[in-house]
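*Asks:* Handing you this structure, nothing more for now.
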Amino acid sequence: MSLDLPSDGCRSTPVLKERGQREVFCGLTGIIWLHRKMQDAFFLVVGSRTCAHLLQSAAGVMIFAEPRFGTAILEEKDLAGLADANAELDREVGRLLARRPDIRQLFLVGSCPSEVIKLDLARAAERLNQQHAPHVRVYNYSGSGIETTFTQGEDACLAAMVPTLAPTAARDLLIVGAMPDVVEDQCLALLSAMGIGPIRVLPAHRAGELPHVGENTVFALVQPFLGDTHAALIRRGARHIPAPFPFGEEGSTAWLRAIADEFGVPRDLFESVIAAPRARAQKAIAAQAAELRGKSVFFFPDSQLEIPLARFLVRECGMTAIEVGTPYLHEGLVGPDLDLLPKGPVISEGQDVEKQLDRVRAASPDLTVCGLGLANPLEAEGFATKWAIELVFTPVHFYEQAGDLAGLFSRPLRRKAILRKEAAE
Amino acid sequence: MKLTLWTYEGPPHVGAMRVATGMKGMHYVLHAPQGDTYADLLFTMIERRNHRPPVTFTTFQARDLGGDTANLFKDSARDAYDRFQPQAMIVGASCTAELIQDDPGGLAEALGLPIPVIPLDLPSYQRKENFGADETFYQIVKALAQPMPRTEAITCNLLGATALGFRHRDDVTEVTRLLSLMGISVNVAAPMGATPDDIARMGQAHFNVLLYPETGEAAARHLERACGQPYTKIVPIGVGATRDFLHEVSALTGLSAKVDESGLRLPWWSASVDSTYLTGKRVYIFGDATHVTTAARIAATEIGFEVVGMGCFNREFARPLRAAAKAYGVEPLITDDYLEVEAEIARLQPELILGTQMERHIGKRLGIPCAVISAPVHVQDFPARYSPQMGFEGANVIFDSWIHPLVMGLEEHLLTMFREDFEFHDEAGASHHGGKAVPRQEEELPTYVVPAGQDLSAPLDRYAAMIPDIPIITPSGEVVWLPDAERELKKIPFFVRGKAKRNTERYATDRGLFEISVDTLYEAKAHYAR
Ligand code: SF4
Ligand code: SF4
């Protein structure tokens, strides 16, 4: 299948690079979904009360049930002497692991304060690994706001695991990126039906199921924000299968197709496997797209999903993109999506929130995709908004979710229309 | 270093944000990394504010460190002034910026902005949100309020209401109404609703009403010293406290404390016979000290509950809380570790919890109803309707919201009489609560038995022992429930089952029994019958 490329995609569009006040989460936020995905892992943030409060606020109270994450809050005396801070950390970890024997993987997560005081969590992880091996494997990564934005936390986490994965010479397919279980199962079912295997996933549910990696491993990413993980896998000799990301019918087909081609899946087998789910996706999208067609959309930078999602909204739902903001643009990863996204929108990287708000007001789009801090204020100004965090917390990948994905964008518009009618009466 | 899973309070700069966001014409320039902007959503989502908080975050990144974070701060402050044209500005650092020691106060002063710029020094590694709000309000008042001639008519200021406060919006309205019944009008309510210009004319009031000691006491003390304004010490939550408050105001002003009470319903609602079933219900109270102490008085003297335990998360107010606990003969719990609170509630098995959103979840897990009386808040704590806690209408609201989680009086009897009915059994829940009544489950629910020797008083052990969604049977000592007795226990309505279980176990232990039979259960019932 040759994808129907626009004569002129956005790959060559000059990127508007902004440096100013950002209105985004830091990488710690990824813990909210990662700790649910990895069922024998505990995420220990070494940080401040702010970090603890961020996690609590981002998590909401819905998952108040026993969290497998916590914050070791630095106190005045920890700042005074690093030796003491290390001793304290060892003690807290010891207590935690003694009391939670179900924990087999422990992530020490760095924060802005731990980085500014130069608390060496890599050394700490090494030290703790020696103490607690083989029962617990200790990793470390940074989720700090001075280093990472929102979804980059997942990237940093997965990248930290790659060097420790056991070597293999097998020609495995590795699927990389945390997905809700139901979506992961669908993805694996489709690929298996094409005769592709063995398939491994990173992150795995449990330490014992971690994938192996080596020169013959080929991998595909399901999330566009996994730049460091991509680089770490390449360093292990694995090879990346570039593809548009599996959002919407077209994205899912292109993504599966890239893998099928890599594994030499016959054309008719491929078509027969995807035919039914693909038709369902088209039908489901069409129902939602009726409300989206001809409408304009403006993306504030948030999760790095913006470019693939803009591609979906423009090509499959008939919307016009005015600006597509992203915190970081990994051309190597979103290049295939940029190729498909027709020229027109401003592509911006980074943020200067006040200027961007000026632009959104000037453009007055039909739908604005933004973070939670901006959504209600923009609604109050008359804009319809979609909060971006839901795109990360909701199953949106692959065929069966394509209609839901479109629905996430059409619902705010539909709602606005209903309320407007009521107000007019 | 202290391991924290959930916290009752945010960092102190969130307290400063609550002050700035409550005010108008004030802007806060906060030296902080990008992730700290999460705090905006507390206001825009939880409180549903339709404006962004007036806060500029410098959002410095790793590459700025060691280089020009100071210039970044100056640029941000200058841009914020140009764009928002505030009447005054507060400047400060979050926990990370505190470590890089850029001195926001000095940097902002060097800019020579034509408005008052108030530096904040909030020690992030020692203090918390309430302190941050209290200190910020104090610094603003100190910088802007001056002694002035008093207004001709008797006026007062209302101190302490902030953005994101528990029912602050409606309390300000209610207390304003209450005072107007005495013929007193409000000069300035601050910080919420006030501009810096308003703060500057606070000195003309005759006295101050301290609504929330947690967030307004430092300012009240300062105004007493600097402007000679006395302030009220009684927080008017509950009928008795409201009347006492009116007398306190009367003593300060010479005006009569006799006001129209025709809108007050709590006393009759409480006295009417339907409320008999509330008598002696065992309540546990936890939250900020002010709301807890006022709630305890209402519970014990105005509704007729039995206070079986109380505590607060803010150590700054441990002393008044301890004094109050003594009056009810209970041990106070002063902690900001919710696991300790949970362990205490599990131990006491109250019939109702009056707490924060954290206790609401503890209650959910332990199957104990809960009404929320204090911050930390959630989106549900910002109802669309008028629902103050203070004054006479506040007392009415409190009666309704505390009673709502309980099963209604007559229903309680019916459930007891017909507890074998397969539809009208107790697990169907209270009839006025949403949710579908489920037919009784006949098979055994999985239970988690805490291993012998595990010390349940240590909260972390309790935490380790917990597996979500599985009820916990905690064998007290070596006592074992025989199958018949256990079945009988399940026939007891859920809202008293915890108490029955605990009493029976205590009864058995006291008598050196190792097994509980049906007889033991009923002997214990007779023993503890009140
Ligand atoms: S979506 Fe957020 S605000 Fe709403 S109930 Fe869940 S946690 Fe609370
Ligand atoms: S930005 Fe930094 S200090 Fe703030 S919550 Fe994130 S890691 Fe913690």
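Just so you know, the numbers here start at 1 and follow the chain as drawn.
Note that Cβ sites are derived from N, Cα and C of the backbone, with glycine treated the same way.
Remember, TrEMBL labels are computer predictions, not curated facts.
According to TrEMBL, the record shows the following:
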- B:12-406: domain 'Nitrogenase/oxidoreductase component 1' (DOMAIN)
- B:ASP36: [4Fe-4S] cluster binding site (BINDING)
- B:ASP274: active site, proton donor (ACT_SITE)
- B:GLY409, B:LEU410: substrate binding site (BINDING)
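How buried are these features, and what lies next to them?
*Replies:* Other Cβ atoms within 10 Å of the Cβ of B:ASP36 ([4Fe-4S] cluster binding site), summed over all protein chains shown, number 31.
The Cβ of B:ASP274 (active site, proton donor) has 12 neighbouring Cβ atoms from other residues within 10 Å, across all protein chains displayed.
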*Asks:* How big is the gap, in Å, between the Cα of B:ASP36 ([4Fe-4S] cluster binding site) and that of B:ASP274 (active site, proton donor), rounded to a whole number?
*Replies:* 50
*Asks:* Can you give the mean pLDDT for the domain 'Nitrogenase/oxidoreductase component 1' (B:12-406), rounded to a whole number?
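*Replies:* Its mean pLDDT is 96.
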